[in-house]
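Taken verbatim from TrEMBL:
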DOMAIN    101-254  domain 'Phosphatidic acid phosphatase type 2/haloperoxidase'
TRANSMEM  26-46  transmembrane segment
TRANSMEM  66-88  transmembrane segment
TRANSMEM  100-117  transmembrane segment
TRANSMEM  180-196  transmembrane segment
TRANSMEM  208-227  transmembrane segment
TRANSMEM  239-257  transmembrane segment
Amino acid sequence: MADIQLGTHTIKSYGIKVARFHMYDWIILLLLGVIEIILNVIDPFYRFVGKDMMIDLKYPLKSNTVPFWAVPVIGIVLPCAVIIGIYFKRRDVYDFHHAILGLLYSVLVTGVITDAIKDAVGRPRPDFFWRCFPDGQEVGHYSCDHPSFFLVYDNVTTNVICHGEKSVIKEGHKSFPSGHSSWSFAGLGFLAWYLSGKIQVFDRRGHIAKLCIVFLPLLGASLVAISRVDDYWHHWQDVFAGGILGFIVASVCYLQFFPPPYDVDGWGPFAYFRMLAETRNTVQGSTNTNSLTSRPSEIETVYV
């Protein structure tokens, strides 16, 4: 295990240096944020929905148990609060910076992939009927004699013709995969990895309490995902795929910056141990140089 020098590398002393070294990573992160905004603005693929398909899409239109604004709080703010708390305890800017950067990458990469798939697939939500027909009227046809009636299915393709609010219908074509599920597992999944390294859950001492702590974020993400099925905003396949996607991205992003939690150095980031190795090599190099320059004077002293 490398020599531990906690408390000597703070945000004040090394923060700017570390951030500059990862300047391009932060720029790419901003670009991912812009892409995420664009993917939410553009229209998704409006998949064919026939009359027979509507039978399975008549679940009630409910409000969200976990509102949209709460997802960033759960997936970003909560893990950041834990990371900040650990920083104040350890005072290690390398750990703090790489944890924040890894977390943001985990969430944004997951968000971009999720919304790109949503827009490309265009799967209707379980409550699509009520988005399409807010008044519940599925029958009727439009004619000059009865202008109050609507043509609800195309006479040629039999595709549904919705008369609901455009933004509500647009959102109704974004079922697969679940964004709540993927974002929650991306953020809380990263937090689970992070905690498992910090409390050394795989230290072979058999402390089940440590394992329970690691499972808490995953349980929270699972409950968020389940709420999407309970609210009839997603099919179970959407939630399952979103959770798998989020956790895979979280795992890749964490292991990009940190050793596996079962590693002997699993409690700190790669950059921290690389810094220690470089410092040690520099000290050894200067020591060897001083040793070589001192030998001629020692010899001269002996023979004078």
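Easy rule for this one: first residue shown is 1, then count along the chain.
Glycine too: its Cβ is placed from the backbone N, Cα and C atoms.
Just so you know, TrEMBL annotations are computer predictions that nobody has curated.
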Stretch in 26-46, 180-196, 208-227 most in contact with the transmembrane segment (239-257), if contact is a CB pair under 8 A: 180-196
Two-stretch contact, the transmembrane segment (180-196) and the transmembrane segment (66-88), at least three Cβ pairs under 8 Å: yes
Integer average pLDDT (0 to 100) for the domain 'Phosphatidic acid phosphatase type 2/haloperoxidase' (101-254): 90
